[in-house]
Amino acid sequence: MRITVIGTGYVGLVTGASLAYLGHQAVCVDVNEEKIKLLKSGVMPLWEPGLESMIRDVELQGRLDYSTDVSASVPVSDAVFLTLGTPSSESGEVDLSALWSVVRSIAPMLHRDTLLIIKSTVPAGTCEQIEAYLHQQFPASASIAVAHNPEFLRQGSAVRDFLAPDRLVFGASRPEAHHRLEEIYAAIQSPVIKCGLREAELIKCASNAFLAMKISYANMMSDLCDALGISVDAVAEGMGLDRRIGSEFLRAGAGYGGSCFPKDLRALIALAAKEHLDMELLKATEAINRQRVQVICRRLEGIFGSLEDKQITIYGLAFKPNTDDTREAPALRISSMLQEAGARIRAYDPVVAGLPDRQVDVDTDMYEAADGSDCVVIVTDWDQFNRLDWGRLRQVMRSPYIFDARNMLDIAVMTENCKRYGLHYMSLGRPSIAPDVPLTID
Ligand SMILES: NC(=O)c1ccc[n+]([C@@H]2O[C@H](COP(=O)([O-])OP(=O)(O)OC[C@H]3O[C@@H](n4cnc5c(N)ncnc54)[C@H](O)[C@@H]3O)[C@@H](O)[C@H]2O)c1
């Protein structure tokens, strides 16, 4: 099938490349000329494991192209995917301006047999409005069908998630649209939910909100465990083995971030408010997540008293490992709050090279970033932090504090490291480990 994907960001590029990999002829379109120029010259505009090699393969087979111009590919496409960003507006509602501007501009180019597939995450009701708009504005094209096919990929494992999803959701008001989606995804083995447009829209937001709620629940429990002096690890393991609960998203830490969970939660709260419903559970989820940054900063103030002139090193800037995406990343809020309290911030991230508009020195070497530091705070759980040379790290640091704000390090291993190198290890909802030697703060 000939497919155009409009909006070549994290979702659009993975969608275009994966559909080409499945045998379709795909064109990825974006308004960002620089991005399209990079892609055409073989440079990846974003970092996502496995994506570059898949792109090289499908490019060689002539199945993936890039463009800034919708008019060349849309009129000859069997399906057009819209993967535009749908960020939060000031009020918490979703800003659909990019999506609508593209719908308006491509509407005259769509032909009777094109399926317009909205993949962006949108509030329930949006796709019906788009379908109604197409029918009202262009009676000649009244048979153009609109579908919603929400995307559940996770950055960091996006290619695998796209090609082997837990489920595919096909929302449409007409059977022929469901059928076209089945053809597009024929090569993927996965359960399929065929439903209406609004149901598909809500499945996506409700799923993200539920996962965010699970994270906040784990964080709430970790605060209680801290107060009781017990380990949240055992509590989470004991809960997670119950199949009705499941173990994923139960690890306490610095909270969720990224371009999806925060805005999808806000969008659901705003959508429900229009229906005079108060999503109290989701509001509590947000509040707990916001407090994580304060919990971490308070713990640091508890050690040092004042953070004035203390040097804190942040390990991990992206909102999760295996991505370079720093949208709504907890590391940004933590570094701002620590700076406000007087601390100097240095940072290291395996793939984020810098933070525009922020006074944070980002080093390319993790030991250099910790040079002269009073505390290293792990904010993103990159696997490489499991393999740190703790002796070397202690040598370059001014004070011996390690704050694992993702609970990623093994307590037994860190107990040994604390003994051996005189480190002081802290995490969330787990007892701290002090070295055998008395601590001094320089
Ligand atoms: N990032 C994720 O992990 C993820 C996962 C599932 C769903 N989603 C949803 O998918 C959608 C896209 O998310 P994303 O993270 O890929 O966004 P993104 O910001 O990375 O990409 C959006 C792209 O659209 C382009 N664009 C903007 N206006 C345009 C226009 N008029 N014409 C053509 N291109 C235009 C931008 O230049 C950008 O490259 C959102 O609705 C998001 O909620 C994201």
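Glycine is treated like the rest: Cβ placed from N, Cα and C.
Curation plays no part in TrEMBL annotations; they are all automatic predictions.
The active site, nucleophile annotation in TrEMBL covers Cys260. A sphere of 10 angstroms centred on the C-beta of Cys260 (active site, nucleophile) encloses 25 other C-beta atoms.
Annotation source TrEMBL lists NAD(+) binding site at Asp30, Lys35, Thr86, Thr121, Lys263, Arg327. The DSSP secondary structure for Arg327 (NAD(+) binding site) is coil.
Cβ neighbours of Arg251 (substrate binding site) (same chain, under 8 Å, six or more residues apart in sequence): Ala218, Ala236, Arg406, Asn407. According to TrEMBL, the feature substrate binding site maps to Lys204, Phe249, Leu250, Arg251, Ala252, Gly253, Gly257, Lys320.
Residues or ranges marked as domain 'UDP-glucose/GDP-mannose dehydrogenase C-terminal' by TrEMBL: 313-411. Model confidence over the domain 'UDP-glucose/GDP-mannose dehydrogenase C-terminal' (313-411) is summarised by a mean pLDDT of 95.
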| query | What residues, ordered by sequence, lie under 8 A Cβ-to-Cβ from Asp30 (NAD(+) binding site) and sit at least six positions away in the same chain? | reply | Ile6, Gly7, Thr8, Gly9, Gly12, Ile36, Tyr66, Thr68
| task | Counting other Cβ atoms within 10 Å, pick out the least crowded of the binding-site residues Lys204, Lys320. | result | Lys320
| request: List the same-chain residues at least 6 positions away in sequence whose Cβ sits under 8 Å from the Cβ of Lys35 (NAD(+) binding site), in sequence order, or say none. | output: Thr8, Pro45
| query | Where does Thr86 (NAD(+) binding site) sit in the DSSP three-state scheme? | reply | coil
| said: Does any of Asp30, Thr86, Thr121, Lys204, Cys260 have a Cβ within less than 6 Å of an atom of ligand 1? These are the recorded positions; tell me which, or none. | reply: Asp30, Thr86, Thr121, Cys260
| note | Same-chain residues at least 6 apart in sequence with Cβ under 8 Å of the Cβ of Ala252 (substrate binding site), in sequence order, are Ala218, Asn219, Met221, Ser222, Cys225, Val232, Ala236, Asn407, Leu428, Gly429
| Fewest other Cβ within 10 angstroms of its own Cβ, chosen from the binding-site residues Lys263, Arg327 | Arg327
